[in-house]
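Trainee: I have a structure here, written as structure tokens, and I will follow up with some questions on it.
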Amino acid sequence: MPRSDAMDGAVRAPVFARIAGEWRNGNRAGLARLLLGALAVLAAATFASSIMTGAADASLANVFRWLIGEADQTLSARDRIIILDIRLPRAVLGMLVGAALAVSGAVMQGLFRNPLADPGLVGVSSGASLGAVLLIVLGSTVLGPVFALFGFYAVPAGAFLGGLATTLLLYRVATRGGQTSVATMLLAGIALGALAGAVTGVLVFIADDRELRDLTFWGLGSLAGANWTKIAAAGPIIFLALAVLPFLARGLNAVTLGEAAAFHMGIPVQRLKNIAIFSVAGATGASVAVSGGIGFVGIVVPHLLRLVIGPDHRYLLPASALLGGTMLIFADMLARTIVSPAELPIGIITAFVGAPFFLWVLLRGRSNMGL
Amino acid sequence: MISVSDISVRLSGRQVLHGLSFDAIPGALTAIVGPNGSGKTTTLKAVSGEISPSAGRVTINGRDLASLKPWELALKRGVLPQSTVISFPFTVREIVRLGLSAGVDATSHDRIAGQALEAVDLAGFSGRFYHELSGGEQQRVQLARVLCQIAAPVVDGEPRYLLLDEPVSSLDIRHQLTIMGLARQFCAGGGGVIAVMHDLNLTAMFADEIVMMKAGRIRARGAPKDVLTDATMEAVFGCRMRVNVAPAGGVPFVLPQSAAM
């Protein structure tokens, strides 16, 4: 077929037919852009319905009228508190944490060249937890100066350092000569997670009543404690960590061919790894600090997206952020409403969905993951 | 010109290369041959910049490799690895386009990627999944990716290079000839090629210069007819066999049937 005909056809054809044609030709970029748009709409819708859903009956329409300043509508003080100080920060935090966890998963999987890498599974979250618990328990005594210095950033900073130390250690243990062994990575992750758990256990043992309440509340993995202070503490870290990642997308794509091949293609591999590891540790650490250990988001979300749009990180990373946030807010809505007016920890919901999913991925890909 | 001067390489404490020197000139196909474990791949890695030699230096068009940033190197040479396993479901199109650098407008991207796939005889494969292809097809996809990175043999008067690690090891005979022909064509265009080779007959057919290695040292160097002799075959490969010369063109060939082990 002459080229001009093909071009005309492409212009005339409806957008979906064109995208389907590109897809058959191995080009999933059009589909990815379409999906990004759809995910943005879905995220906004989920966000809004999360603000409207809850044990109390507070209407979003009223809030909206109040926000745009319709004078005849006065928002009751109760509605205002429920929506602006309880549900809104919770939805914002859910979006932030979901995005952070999903993107961290996608980046770790790209970096380790392994679809099973996930901050929760390989002990990064445990390391971050240890860092956070260390500051919660010892913050009033030995580590008092840290609090004096960092204020409410102290716990997220502790979680960041814990997550960073674990990630670096994991990379050292599991990677030899630029090749990462899946088995070593998962097993080392279990060992590091257990070690961090043991130390955390000791700290819980010596904690006093008030600290213990803080710890229990936080350790279950929940968005229930969401407030604007937590968002102010974790938000900037997560935002910074996620903001650098689009610049790594091309490098992460190249690294899927191996570190040597990425270097041959002109990628400064060592710098890429350093930035990626710091970002993952920052995003995971900050998430763990404000919401505890919420598992499996980082493995489910990128995997689902890869099935549809493929592994190109230029689309995978933003799509993971949107779908991760959406899924976590949705899980939180379930957590709040299933046993209403009581609440389930959100970690239970993500584990119920994520653990079977993980097994499915494992069985499906066992042959080509070198297990 | 790629110039390797007196390089030594140590890998985990063991010296693998001992003072290697050779030049690969633009317009010529330089083949590195030798028995398994003789240091061919290590040599290629030192030339690509992937490992740095403990002594000696490598220059590419007069610039010391150590002084070049990864992206500068990527503009001067492309590297085809022996085999590449990928754990994510990339399509052929996506893999090939990884070789394209940013900054060139998208229309010429499509053209370059299409030409590269055609050159390795994989036109029409762009929608297939990489991990579902055979080993030989995967190797050709990787070569197409390298050809995207180094599309033209000469840019702004400066020759570029292809470093190929066993480019035909898992190919059928037709594609062996296609790929070696492609390398020759690249040389004819003014670029340089360094290829690690196992098949001595293909090497004799296509190489301008042979670097024959044994135990981390160069044992013979020169044109195929000078290097592929009964004496070097026995000294390097430990294989007493007759090297013959085909009547047309005087290209030497080796028949394994003639070996006396």
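Any Cβ shown, glycine's included, is placed from N, Cα and C.
Bear in mind that the values here come from a model prediction, so they are computed numbers and not experimental data.
Okay, these came from TrEMBL:
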TRANSMEM  A:34-56  transmembrane segment
TRANSMEM  A:88-108  transmembrane segment
TRANSMEM  A:120-140  transmembrane segment
TRANSMEM  A:146-171  transmembrane segment
TRANSMEM  A:183-207  transmembrane segment
TRANSMEM  A:227-249  transmembrane segment
TRANSMEM  A:275-303  transmembrane segment
TRANSMEM  A:315-335  transmembrane segment
TRANSMEM  A:342-363  transmembrane segment
Trainee: I'd like to know if the transmembrane segment (A:146-171) touches the transmembrane segment (A:227-249) in this structure, counting it as a touch only when three or more C-beta pairs sit under 8 Å and are separated by 6 or more positions.
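Mentor: Between the transmembrane segment (A:146-171) and the transmembrane segment (A:227-249), which are separate recorded stretches, there is contact, as judged by 3 or more close Cβ pairs.
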Trainee: So, do the transmembrane segment (A:315-335) and the transmembrane segment (A:183-207) meet, by the test of 3 or more Cβ pairs under 8 Å (sequence gap 6 or more)?
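Mentor: Counting Cβ pairs under 8 Å (6 or more apart in sequence), the transmembrane segment (A:315-335) does not reach the transmembrane segment (A:183-207), since there are fewer than 3.
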Trainee: To the transmembrane segment (A:275-303), which of A:88-108, A:120-140, A:146-171, A:183-207 is linked by the most Cβ pairs under 8 Å?
Mentor: A:88-108
Trainee: Do any residues, 6 or more residues outside the transmembrane segment (A:183-207), come within under 8 Å Cβ-to-Cβ of it, and if so which ones?
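Mentor: Same-chain contacts beyond the ends: 112, 114, 116-117, 121-124, 126-127, 129-130, 133-134, 136-138, 162, 166, 169-170, 173-174, 215, 370-371.
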